[in-house]
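Data first, discussion second: the structure below is written as structure tokens.
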Amino acid sequence: KEYAQPVYEIGSHLNETDLERERMLIISSHPTGLAYSAFSCVITISLTLAWFMAVPAHFAVITTRQLPLLTVISVLSCIALSFTNIAIARLSAPLQQSIAACVPAFTFVAEAIVFAEIKQPLLYLTTIAIVLGAVTIRASADDMSDSQSTHALDATGVALMVFASAASGLKYVFLRVAAKDPGMRMRSVGLLFWVDTFSFCFTVLFSFCNGELRTFLANLSYSGSKDWTVYAIVIITAGLGGVRMLVEIFSLRFIEAIDLSALTTFSHALFVLLSVLFVGGYSTLAFAGSSLTFVASAAYGMVLHYYSQPGRSVVFWKTSGQIAGELGIMKVPSATGWDVRSKASSQADPKEL
């Protein structure tokens with residue numbers, strides 16, 4: 001008995017250590033994209049509330065008329081944010097960013113349906129070239145050795161990222177709808193607050209029901225207890241999601257949804273290129289893809305500038321019937337039908353941030 005007690009205590013300690021390792025293995029092996037999205041919404045809401053305390057005039061109470069559009073935007077934002085965070089845990093960075101680069105394709109379809117319009121073909125061609133350039137850069141990552149790959153191809157992750165890209169494309173379109181709707185004249189910070197408030201309600205509910213919220217908090221608590229900088233990193237990265245959303249909302253007061261999609265795709269291409277360079281060098285495919293992306297981006301800007309001149313229109317074809325018309329969008333007559341860019345852009349006020 002004298003020797004058995006110390007052995008028992010050592011054995012109990014080892015058993016507790018093994019259980020703790022097993023617990024952390026279970027926690028780390030379960031993606032918590034929904035819970036992280038809810039946490040990101042909390043950080044954004046907190047920052048906007050602090051902003052409202054400093055500048056109360058930027059806060060606005062939503063009306064019954066604004067509620068349907070805000071709900072649609074919030075649901076799309078929730079899907080895009082949550083599915084993207086889940087896909088990031090399942091896919092490699094180049095693959096995830098390459099799928100995200102296809103957002104303009106979904107924006108094309110969404111704009112055609114919601115606004116009942118077709119842009120100039122050259123805008124579509126240059127945007128497709130940007131997407132192909134980003135995908136080509138991603139293909140260069142496939143040529144690397146398997147030892148440099150940390151993620152296997154995950155069909156679920158790919159499907160979730162495709163849905164996230166589709167939701168992002170639709171979100172851009174409906175954010176543009178909100179920017180052009182005279183009944184939605186709300187500051188960008190105010191719109192961000194309400195969108196993230198609605199999104200938080202969705203994400204926290206679903207993450208609580210599927211257990212992600214508990215897993216996320218347990219993982220964050222355990223990691224933070226070992227290193228306090230984990231808290232700072234998580235808070236900063238979560239807050240960046242709100243900053244990006246604010247920039248998107250403000251930008252869509254001046255540019256079309258497809259313009260923002262093209263710019264976003266260009267940024268994704270840069271990220272893919274940097275990730276390829278970081279993990280193992282610069283291949284021929286990476287050079288070809290980056291060259292195509294940069295040239296196509298410059299061409300897109302030139303085409304957009306050309307058709308934005310007086311007497312021209314970025315809208316190639318448009319009908320009078322549109323889904324967004326029911327939401328009170330201002331329609332301005334022009335030589336090509338209804339020019340939805342000029343009037344809306346001219347009324348945007350840079351001080352409305």
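Positions of Cβ are set from backbone N, Cα and C atoms, glycine also.
Lifted from TrEMBL, the feature list:
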| type | residues | note |
| --- | --- | --- |
| TRANSMEM | 34-55 | transmembrane segment |
| TRANSMEM | 67-89 | transmembrane segment |
| TRANSMEM | 95-115 | transmembrane segment |
| TRANSMEM | 122-141 | transmembrane segment |
| TRANSMEM | 153-174 | transmembrane segment |
| TRANSMEM | 186-208 | transmembrane segment |
| TRANSMEM | 228-247 | transmembrane segment |
| TRANSMEM | 259-279 | transmembrane segment |
| TRANSMEM | 285-307 | transmembrane segment |
Key: Contact check, the transmembrane segment (228-247) vs the transmembrane segment (285-307), 3+ Cβ pairs under 8 Å, seq sep 6+   = no
Query = Which one of these stretches, 34-55, 67-89, 95-115, 186-208, 285-307, has the most C-beta pairs shorter than 8 Å to the transmembrane segment (122-141)?
reply = 285-307
Ask   = Do at least three CB pairs under 8 A connect the transmembrane segment (95-115) and the transmembrane segment (34-55), leaving out pairs fewer than 6 apart in sequence?
value = no
